[in-house]
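K.L.:
In case it's useful when we look at the structure, here is the feature table from Swiss-Prot:
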SIGNAL    1-16  signal peptide
DISULFID  C124-C129  disulfide bond
TRANSMEM  178-198  transmembrane segment
DISULFID  C193-C315  disulfide bond
TRANSMEM  230-250  transmembrane segment
TRANSMEM  254-274  transmembrane segment
TRANSMEM  296-316  transmembrane segment
TRANSMEM  337-357  transmembrane segment
TRANSMEM  376-396  transmembrane segment
TRANSMEM  397-417  transmembrane segment
TRANSMEM  420-440  transmembrane segment
DOMAIN    449-579  domain 'Thioredoxin'
DISULFID  C495-C498  disulfide bond
Amino acid sequence: MKKLFLFFTLIFTAFAANSGLFDKKQTFLKVDDAFAFSATLSTDKSQLQAHWDITDGYYLYQDKISAELVGKSNPLSLHTQQAAELHQDPYFGEVKVFTHSIDGIFRGTFNNADDKVEITYQGCTEGFCYPPETKVLRIGDLAISQEQIVEKTVEKNTALLSEQDRLADGLFHSKWTIFGFFLLGLGLAFTPCVLPMLPLLSAIVIGQQQRPNMMRAFSLAFLYVQGMALTYTLLGLAVAAIGLPFQIALQHPYVMIGLSILFVVLALSMFGLFTIQLPNSLQNKLNTWSQKQTSGAFGGAFAMGMIAGLVASPCTSAPLSGALLYVAQSGDLFTGAATLYLLALGMGVPLMLITLFGNKILPKSGEWMNTVKQTFGFVMLALPVFLLSRILPEVWEPRLWAGLATVFFIWFALQMSKNGFGYAIKIISFVLAMVTVQPLQNWIWQTQTTTQSAVENKSVSQVKFKQIKNTEELDRTLAENPHSIAMLDLYADWCVACKEFEKLTFSDPQVQQQFQNILLLQVNMTKNSPENKALMERFNVMGLPTILFFDQQNNEIKGSRVTGFMDADAFSNWLKALH
């Protein structure tokens, strides 16, 4: 009896002990319970408002949240009110995640009820990782939210909302904003990227052997600007669709050298070395239609305007970035094209006025016209110098300008008479030639003045950037940032405004004082390497120059991005606002 009692006791004890083996099996929530997702549409249909309720102990990966309009290639960028947290993930290492909840917006144009938005996200919890979850939302099925989400905490300071973001927002909320881009174009007409187009237009109108009347001069100038605007618009849309690689491709040395050769040939023709004209058979046909060959002249002006658009295309400004940002996020090509066209038209109007004014006041006949024509030949030679300075080492730029200026002043001196006022101009021209030749003398004799050395080394010696090669190195460097802010400068050798930043802005004592409390990082985008492309895609870079700012959580400070040139005072105030 005792043995039987002991047997059953052991059996039940074993069952009791082992019954708990499966009690510890953890149950995980369904994905929709772990990450309860909902979405609404703003009243003006410019924002898709997304919300996630995240169960305690679960988290969503920041870089796994994405959205796009079905059938459109451009992704929609997410702006969240909550800051992501650093998390040591057993699957992906150190990552940024969201916990508890997410309130965010996807900006775009959501007017078509049949359009669909595809939103993808992925999350995990301890011991379990969910596969990517995708929600396909039909625009017409979304409820309209009575309260439009504004990015309350997205911007570190509302004053920091960058100009390109304000312009893009303006286009989202009112299509009438496009006419404001015409006024912005007027202001861009006198930037270093647009001014080189003036000699080309002037050479076409003023540099002709037979000076045109005002109506014809206006027609030539107008067609030139239309050609420029067309190229600028098409290239802008291509950049918005393809991205910075297209912009970089236009700056390939082969393209720059080819355009430079073209301008040199045109300049030599203005010196009378040869005449560029159509084949006789085609020219005779045109003469039959119009003895004055107006169609040929007008067609040439339009073609030269298109070439001028190539010269201006790589230059990024806040208005251009705003228009490109709108096109990339909304997919609205019509509004984007109209915006870019009006921006280019505004850039061209001052060029037209300057040319027409010069056409009216300069002499219209006599031997003086040959001198005028040859003078504009020299002016046209400035374009190859401008283009080649983008691809040659920086030291060559002053040498090329010095060579062109020296030859011009010597030539100009030889054109002057030896009597009276002409003799005085001759002496002054020779003196100026002696001054401008100095960079060539220093190069030939390998000498360098103390002042020149100080100027050349000022920005290089006093501003030290840590060079970043890829996204992994960027993340590591940001994680070790001892300062409250990090600045990432995206730079390219062909970018004119980037060089202006280096020489005029970064070298300013006020700016350098602000730099003392900022981690300075720089990426050279000249070669468009795979690492460069990864950075461009990650930060949705539209053009150069672009400067990004990051907080202590390694997040880009929303609204702080700088595109286009800023002078020292404006940039210093921008940095102060960041702090």
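Glycine residues also receive a Cβ, built from the backbone N, Cα and C atoms like all the rest.
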K.L.:
Calculate the distance in Å between the alpha carbons (Cα) of C498 (disulfide bond) and C124 (disulfide bond), and round it to a whole number.
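P.N.:
The Cα atom of C498 (disulfide bond) is 42 Å away from the Cα atom of C124 (disulfide bond).
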K.L.:
By Cβ count within 10 Å, point out the most packed of the disulfide-bonded residues listed: C124, C129, C495, C498.
P.N.:
C495
K.L.:
Considering only the recorded stretches 337-357, 376-396, 420-440, state which has the highest number of Cβ pairs under 8 Å to the transmembrane segment (254-274).
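P.N.:
Top-ranked stretch among 337-357, 376-396, 420-440: 376-396.
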K.L.:
Could you tell me how many residues in the domain 'Thioredoxin' (449-579) are helical, how many are strand and how many are coil under DSSP?
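P.N.:
Residue counts in helix, strand and coil order: 60 helix, 25 strand, 46 coil.
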K.L.:
Do me a favour and check the Cα-Cα span between C495 (disulfide bond) and C129 (disulfide bond); whole Å is fine.
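P.N.:
C495 (disulfide bond) and C129 (disulfide bond) have their Cα atoms 44 Å apart.
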K.L.:
May I ask for the residues of the chain that lie six or more residues beyond the transmembrane segment (420-440) and have a Cβ under 8 Å from a Cβ within it?
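P.N.:
Contacts of the transmembrane segment (420-440) (Cβ under 8 Å, skipping residues fewer than 6 from its ends): 398-399, 401-403, 405-406, 409-410, 412-414.
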K.L.:
In DSSP terms, helix, strand or coil for C129 (disulfide bond)?
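P.N.:
The residue in question, C129 (disulfide bond), is strand (DSSP, three-state).
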K.L.:
Let me know the model's mean pLDDT on the domain 'Thioredoxin' (449-579).
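P.N.:
Averaged over the domain 'Thioredoxin' (449-579), the predicted model reaches a pLDDT of 82.
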